[in-house]
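A short write-up of the structure that comes next.
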Amino acid sequence: MANSATITSKKGVKSHQKDWKIPLKVLILICIAVASVSSRLFSVIRYESIIHEFDPWFNFRASKILVEQGFYNFLNWFDERSWYPLGRVAGGTLYPGLMVTSGIIFKVLHLLRINVNIRDVCVLLAPAFSGITAIATYYLARELKSDACGLLAAAFMGIAPGYTSRSVAGSYDNEAIAITLLMSTFALWIKAVKSGSSFWGACTGLLYFYMVTAWGGYVFITNMIPLHVFVLLLMGRYTSKLYIAYTTYYVIGTLASMQVPFVGFQPVSTSEHMSALGVFGLLQLFAFYNYVKGLVSSKQFQILIRFALVCLVGLATVVLFALSSTGVIAPWTGRFYSLWDTNYAKIHIPIIASVSEHQPPTWSSLFFDLQFLIWLLPVGVYLCFKELRNEHVFIIIYSVLGTYFCGVMVRLVLTLTPCVCIAAAVAISTLLDTYMGPEVEEDKVSEEAASAKSKNKKGIFSILSFFTSGSKNIGIYSLLSRVLVISSTAYFLIMFVYHSSWVTSNAYSSPTVVLSTVLNDGSLMYIDDFREAYDWLRRNTPYDTKVMSWWDYGYQIAGMADRITLVDNNTWNNTHIATVGKAMSSPEEKAYPILRKHDVDYILIIYGGTLGYSSDDMNKFLWMIRISQGLWPDEIVERNFFTPNGEYRTDDAATPTMRESLLYKMSYHGAWKLFPPNQGYDRARNQKLPSKDPQLFTIEEAFTTVHHLVRLYKVKKPDTLGRDLKQVTLFEEGKRKKLRRPAKTNEIPLRV
């Protein structure tokens, strides 16, 4: 009676727990979402509401066109102010999801009589979506283990620096909403596979369509889900639920994605989409085989069917290779192919290799972005192997692919972070479950019930019951062990929170257009040279001014200065970029015809030698040389820019080719004026300034910012008398020297 009363009371406690667990989970999720949003607002508080980096400036400019001119004009937008004189079909060559999302939010807020600027919507979009990402991660992780695991994963995802780096306020890039859609699509996919519901499969397809509109990384989902299905088929786990989920997702998702202008017919004509199509066909064969298998019981017929299936799969593979070799199916693009052949971009497409985000990461950068979670990834994967349900197989595949791609390209730590957070949550929740339960009282009750049950059994049955009763919970009952493990885990979690907050605040919340440095007294000094230069361009040059710069700054010039650019961050035309690189690396007399041919009015360069800014153009110079050498190997030779010892020198030991190049002259022209005589120093390259000031003949300095970071040079017009500009410059300098010459005391002035 006592045992039954205890069990009844425990049931009452459990039912009471269910009543308060749901609102508690909702409250915790709200707190996680608020923490996710607030931790990304450092840049707005410390600086102001401003767009960061480079690509976001184009997205912001496109969003303004969308809300000002409407969706139809946005889709048909031809940008004549970029890639001069070619222009760019912007509306058909971008992923519109980010801009459409901002536009809808902007319109809804105005309908609600909330007057906001489109810039503020763009700045705060990424933090807002980070809260939704945490909730989506919760729903995905809870399918693996429990609600506690989901809450841990959501908390990790909300503040992990690997995700924060692309979702702080002002980071208005495609990834701002793409990771949210990635996790939401995966969560719905697992839901569809477990339920076998065509509704959830359709929802997965619609979210996949949203993802396609938002980010080129949708190809990761395109290949991830088919790979999951393929592995399940190899494991012999074909079910009608799997068939319904994938076919519904694939048909709706593919047809919807083909409505995006930039994607078009790629889902049925490019190599990176063929795995999804192949698995779709394979599922139809499996469905047909299982249908026939249920109708016919003959062994020989089943063998024949299996043979036919193998032949069909082999034939499909041969046809795929044949279509790929003939060009009917487009091959992998350079950016995707470089994920498999890591040296491909460096050898064949240096423009891809020149982007710092496309370099492989270091161990320190992985720890910087994921802290102790990276060590828990293999633990979580191991625990998934122990259960190995369909959803666990998905996370295992995700972990393997995410780790590989992150190891190839540091930018893809963004796609690795979600699975690391989930795997770490599985590991920690399992650890805490082991050391925080089961309760000792519960175990005593179960032992008493088992002993009472065994008393009723006699002889051999009592012995067998001892060996077969495997329902006893295994836990850690030592209080010291529990306290040590739980306290150490809590310590690591607290340190993770401190680390994430520090990294977000100090490393990822500084806009690229505004720099800051700490002075000797501990105060912050802000360096606003970029906006100073762009503001000067906007105020002091005509609207149709053509500005040449390296492609990194094209979007910023168009967004802040509103001037015409030759190249920008879209990098769709390698020849045009190589032409700019050739002009920068050629001697002045050879660069001038290129400048005149492209109607260049001003040249913008970044020189970091004064401040010690290492991301200036002289440190990017080798990439300009390599890209232009790919098209003009006889005119531009990289070896000529290195000393006989193989050193990259910019001081007096620099090679003649280096000293005569246009970029070198523009960078070091007048730089010695900021230092005492013979003490000039290049802080970015840790070398002395050249002792002889480079002289310019075809261009002249127009503006240099206060910290000597951004420099603008005006291209001279041809001489009206047809004289060589070098001779004209030397002649003018000679006249100035004559005018400055002091008059002799015994010299009699001429009478006029």
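Note that Cβ sites are derived from N, Cα and C of the backbone, with glycine treated the same way.
Swiss-Prot assigns Tyr172 and His358 to topological domains bearing the same name, which places both on one side of the membrane. Ranges compared are 130-133, 238-241, 354-357, 718-721, and Swiss-Prot records motif 'SVSE motif' for 354-357.
Within Asp55, Asp79, Asp120, Asp369, the residue that Swiss-Prot lists together with Asp173, Glu175 for binding Mn(2+) is Asp55. Counting other CB atoms no more than 10 Å from each candidate's CB, the binding-site residues Arg411, Tyr555 peak at Tyr555. Under the criterion of 3 or more C-beta pairs below 8 Å, with sequence separation of 6 or more, the transmembrane segment (274-293) and the transmembrane segment (363-385) do not qualify as touching, having fewer than 3 such pairs.
Taking residue pairs at least 6 apart in sequence, the transmembrane segment (147-164) and the transmembrane segment (22-42) share three or more C-beta contacts under 8 angstroms. Only residues 6 or more beyond the boundaries of the transmembrane segment (363-385), in the same chain, are considered here, and those with a CB under 8 A from a CB of the stretch are 144, 156, 160-162, 165, 392-393, 395-396, 399, 403, 406, 410, 413, 416-417, 419-428, 430, 492, 495-496, 499-500, 503, 507. Within its own chain, the transmembrane segment (392-408) has Cβ neighbours under 8 Å at 144, 186, 189-190, 220, 224, 227-228, 231-232, 235, 338-339, 342, 360-361, 366, 377, 380-381, 384-385, 415-416, 419-420, 422-423, counting only residues six or more beyond its boundaries.
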